[in-house]
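*Asks:* For reference, the structure I am asking about is given below.
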Amino acid sequence: MSDGTQKLWGGRFTGETDPLMHLYNASLPYDYKMYKADLEGTKVYTAGLQKLGLLTDAELAKIHEGLAEIQKEWDADKFVRHPNDEDIHTANERRLGEIIGREIAGKVHTGRSRNDQVVTDLRIYCRDVVNDTLFPALKGLVDVLIKRAEGEIDILMPGYTHLQRAQPIRWSHWLSSYATYFTEDYKRLGQILHRLNQSPLGAGALAGHPYGIDREFLAEGLGFNSVIGNSLVAVSDRDFIVELMFWGTLFMNHISRFAEDLIIYCTAEFGFIQLSDAYSTGSSLMPQKKNADSLELLRGKSGRVFGDLTGFLMSLKGIPSTYDKDMQEDKEPLFDCLTTVEHSMLIATGVISTLTVNKDKMEAALTMDMLATDLADYLVRKGVPFRETHHISGECVATAENLGLSGIDKLTLEQYQKIDSRFAEDLFETFNFEQSVERRNATGGTAKSAVLKQLNNLKSQLN
């Protein structure tokens, strides 16, 4: 039993640990984040020991009182750490002995290893972060995108491919596109949650529990869906961390592209949007500058999260079966990933909820050449094969350019009919941006009805 000078594993050692090795080995500076999960796991585990007859009712009550006292200290930031507190498990067990006495506290770890203890803590911690932090923050982001899309449904803007103006779309269609990405992230996170919510507790160091503890009882008490059926896998599996961090990298890839679009849209060259002061910074030299640092950081921090994942994968890839100390390197990148993702969600929500849209600039950026596909579709409706109409429309664009005209709508009917005799007076009805977007009314399109349908569908998926 640790008393602040002894280690949990110190019985077979006679020499002192090198001071640098102690610091190198210690994880309490970061794994303290799991204090609540560690205490919760110990509370249920000791109930399992009592069920086996290894603890009396009185001992269990005393242990639970002590655990509650420790949680109060952590919650109030009054827990006193000792130099030899190697990790959160050591610290909590040491403190429990101080509160209720070492004799009773010394029974808490009966049949349990830190190998199954730490991964139990990790799974509880990840589950709580997903449920209490990531789900609400991500839903909040999608809700803001949907609300904005509904309120600004009538604003038109250029849609881009290759960062070149392509076809007119609704601003709400762009908003809906990222609401769709983030809703898929939301659903994907739910699938990961189902897989990570399995209990390793009771697997021991690697070979199983020596006293036949009821692992299903432990799992139920901790809110897990099931137990992991192989004790070797139970203590060594970190796939749930890899999956969660991969999810974080995928979300950050989406948020990075989202940020890049908005960075472009808020430049003076585009002027489609203006960020609020709350999410902008200035220059230390140039007084006129208003920089989109919030968006640039969203883009930049995506690389940080990618690095968290790849770094841990490199630590994990070559280790032998069951537990190895390399696995201690799972926590810092995991915690960093989860915190960065959460903060990115909140920043993105703040940005999109407070920015100002310049409707006039968006609509002024629409040009008639963006209706060249509509011109091709005009002939398709007259029975001309699309491949032929595509060529004809391209010839119309080239003719207007060669004549120095500002757009294909400036060609006369006579000039159109020189290119193809099937053009008629009604072709000029094609040159209307509102009608262009309204023709895209199939599911997923940019017509008002299609966008509203997308938004309603997204709401139902989140609910």
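Placed from the backbone N, Cα and C atoms, the Cβ positions cover glycine too.
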*Asks:* With SER27, THR161, ASN291, TYR323, GLN328, LYS331 listed by Swiss-Prot as 2-(N(omega)-L-arginino)succinate-binding, which of these, ASN84, ASN115, ASN253, is given for the same site?
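*Replies:* Within the candidate list, Swiss-Prot flags ASN115.
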*Asks:* Using Cα coordinates, what distance in whole Å links TYR323 (2-(N(omega)-L-arginino)succinate binding site) and GLU296 (site 'Increases basicity of active site His')?
*Replies:* 40
*Asks:* Closest of the binding-site residues to GLU296 (site 'Increases basicity of active site His'), Cα to Cα, picking from SER27, GLN328, LYS331?
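*Replies:* Closest recorded candidate to GLU296 (site 'Increases basicity of active site His') by Cα: LYS331.
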*Asks:* I want to check the contact list for LYS331 (2-(N(omega)-L-arginino)succinate binding site): same chain, sequence separation of six or more, C-beta distance under 8 angstroms. What comes out?
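*Replies:* Looking at Cβ-Cβ distances below 8 Å from LYS331 (2-(N(omega)-L-arginino)succinate binding site), excluding near sequence neighbours, one finds SER27, TYR30, ASP31, LEU122.
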*Asks:* Listed 2-(N(omega)-L-arginino)succinate-binding residues SER27, ASN115, THR161, ASN291, TYR323, GLN328, LYS331 - what's their greatest C-alpha to C-alpha distance in Å?
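*Replies:* So the binding residues stretch over 51 Å, Cα to Cα.
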*Asks:* Within 10 Å of each Cβ, count the other Cβ atoms and name the one among the binding-site residues ASN115, ASN291, GLN328 with the highest count.
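*Replies:* Selected residue: ASN115.
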*Asks:* Should TYR323 (2-(N(omega)-L-arginino)succinate binding site) be counted as helix, strand, or coil on the basis of DSSP?
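*Replies:* It is coil.
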